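Engineer: The transmembrane segment annotation in Swiss-Prot covers 57-77, 99-119, 124-144, 149-169, 183-203, 227-247, 295-315, 323-343, 354-374, 395-415, 418-438, 484-504 (among others) and rests on sequence analysis.
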C-alpha cells in the first residue's frame, strides 16, 4: 500500500514537472528561438553522423554554418523588441544581450570555414569538433542572456567544458595535452571561486538569485555595504577574471594558445572574451550597483596590469600564437576601460564597437597563421621572414591585420581604440587612457617587427620554410582564405560603417 502511494506521488510529481517544462517551452520558447536553431542543428549533426559515411562530410559543414547563419537572422529580426524576462526569471532578452549574442555567432560563423582545411589535413574527427563548437556557442549565448546566478554559473560551464575538449583535440600532441590539463585545472579552480562568491551574494541578499532581485534584497536586508558584499566582489572578480584572462589571471592563456589547434585558439580567443564581457558588465552593473567605487578600483588595477604586462611580455615571444596570447591580454585591458566607463559616457557602446573590430582583426590574423602553418608546418615568428616574396597576398593580409591590432590609422583598430579612449577620457579615467596610449605604442613596435620580417627580401634572412613555400593561386576556393578576406576587409575599411556601428551599439544599451 505504501509503495503504491509513493509510486503515485512520484508519477504526479513527474507529471507536474513535465507540464511546467512544457508550459515554459511553449510560452517562452520563442524568446530563445536563435538558441533553438542551434540545438536543432546539433541534433541534425548527430543524426547525419550516425546514419551516413565519409561522403557526407560537406553536409556537416553546411548544416553547422547554416544553423549559425539562421540563428543570426533570427536575432536580427528580433532587434528592437521590448525587453523580456522568461523561464521564471532565468533568462532575459534585450538589445544589449542580443548584440553580444550576435558577436558570438559571428565569431563561430567565421571560425568554421577557417577550420575546414585544418581538420582535413590533421585528420581530426570532424563531427565532434563541430558539435563542440556549436555547443560552446550555445553556452556563450545563454551566458549573455543569463539573469540569475544559477544560469550565470551553468552557462559558462557549458562553454568551458567544450573549450577543454577542443583545446585537447589533438590527443597525440604533448603540448596540447599539457595545455588542456592546465586549462582544466585552472578552470575548475576559478569556477569554485566564482560559485563561492555567488554564495556570499545569495546569502547577503536574503536568498535571492535573480540579478535585479538581489539588488532589492540587499536594500531590504541593509547589507549592500557589508563586508560580505566586498568578499563576494573579490571572489566573483577572480572567477570572471579567468574567463576574461586579464593579468594576473592570465597564466593559462599562453600555454593554451600555443598547445591547442590553431582554429580552436582563434575560436576561444574571441568568443570567451565576448561572453565573459557581457556577463561581467551585467554582474558588476546590477548586483554591485552600490559598490561601484570598489569594483571600479579592482578593474582599473586589472586593466593597468593587463595593458602593461601583456604588451611588454609580447615583445619577447618567438611563437606567433604565444605573441597573440599576450597581445590578447593587453587587448582585454582596453575592453575593461569600456566596462569601467559604463553606460553614462558611452562606455558600453565603445566596448561593443571595439569588440566587433577586434573579432575581425584577431580572426584575420589567425586565418593567416592557419594558412601559413598548413603550408610550412611552423609557428615561429622568425620563419615568416621573406613571406612577401613567395605569397604577397598572405603577407599583406597578415600585415594589415597586425597593423589594425596595433591601432594605426586609418584601419579599424585605430577607430575602435580612438572611440574607447575618448569615452574613457570623458569619464575622467585619464591615467588609464594614458597607459592605454603608451602600451598601444609598445604593441605597434612588436607588430611592426613582424611586418618587417614579412617584407624582407634578403636571402640570408629567409628560412627554408619560406624558400620551400608552396605558392597559392591568386584566386582560390580555400575556405580559410575566404574567412581571411572577410576579416581583412572588415579590419581595413571601417570609415564607411563607423557611424552606423556606433549608433547600433548606443541603441543596444540596457
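Positions of Cβ are set from backbone N, Cα and C atoms, glycine also.
A quick note: this is a predicted structure, and the numbers were derived from the prediction, not measured.
Looking at the shown structure, can you explain where the listed features end up?
Structural biologist: Within its own chain, the transmembrane segment (57-77) has Cβ neighbours under 8 Å at 33-35, 37-38, 40-42, 44-45, 48-49, 98, 101-102, 105-106, 108-109, 112-113, 116, 126-127, 130, 133-134, 137, counting only residues six or more beyond its boundaries.
Counting only same-chain residues 6+ beyond the ends of the transmembrane segment (124-144), those with a CB under 8 A from a CB of the stretch are 34-35, 38-39, 41-42, 45-46, 49, 57, 60-61, 64, 67-68, 91, 97-98, 100-101, 104-105, 108, 111-112, 115, 151-152, 155-160, 162-163, 165-166, 169-170, 261, 267, 271-272, 274-276, 278-279.
Beyond the transmembrane segment (183-203), the same-chain residues lying 6 or more positions past its ends with a Cβ under 8 Å from any Cβ of the stretch are 149, 152-153, 156-157, 160, 163-164, 167, 209, 214, 228-229, 231-243, 249, 251-252, 255-256, 287.
Long-range contacts of the transmembrane segment (323-343) within its own chain (CB-CB distance under 8 A, at least 6 residues past either end) are made by residues 244-247, 250, 253-254, 256-258, 265, 269, 273, 277, 280-281, 284-285, 296, 299-300, 302-307, 309-311, 313-314, 317, 350-352, 354-355, 358, 362, 365-366, 369, 381, 405, 417, 420-421, 423-424, 426-427, 429, 432-433, 436, 439, 443, 446, 450, 509-510.
Counting residues 6+ beyond its ends, the transmembrane segment (395-415) has Cβ neighbours under 8 Å at 327, 331, 357-358, 360-362, 364-365, 367-369, 372, 384, 387-388, 440, 443-444, 447-448, 450-451, 454-455, 484-485, 487-488, 490-495, 498 in the same chain.
Beyond the ends of the transmembrane segment (418-438), by six or more residues, the same chain brings 300, 303-304, 307-308, 333-334, 337-338, 340-342, 344-347, 349-351, 353-354, 502 to within a C-beta distance below 8 angstroms of the stretch.
Below 8 angstroms of C-beta separation, residues 99, 110, 114, 349, 353, 356-357, 360-361, 363-364, 367-368, 371, 397, 400-401, 404, 410-413, 415-416, 419 of the same chain, each at least six residues beyond the ends of the transmembrane segment (484-504), sit close to that stretch.
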Engineer: May I ask for the residues of the chain that lie six or more residues beyond the transmembrane segment (295-315) and have a Cβ under 8 Å from a Cβ within it?
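Structural biologist: Beyond its ends, the transmembrane segment (295-315) has Cβ neighbours at 233-234, 237, 241, 246-248, 250, 284, 288, 323, 326-334, 336-337, 339-340, 429, 432, 435-436, 439-440, 442-443, 445-446.
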Engineer: Ranking 149-169, 227-247, 354-374 by Cβ pairs under 8 Å to the transmembrane segment (99-119), which is first?
Structural biologist: 354-374
Engineer: Within the same chain, where does the transmembrane segment (354-374) have neighbours whose Cβ lies under 8 angstroms from its own Cβ atoms, ignoring anything closer than 6 residues to its ends? I mean 6 or more beyond.
Structural biologist: 103, 106-107, 110-111, 114, 117-118, 121, 262-263, 265-266, 269-270, 273-274, 277, 320-321, 324, 328, 331, 334-335, 338, 384, 387, 394, 397-398, 400-402, 404-405, 412-413, 415-417, 419-420, 478, 480-481, 483-484, 486-488, 490-491, 494, 501, 505
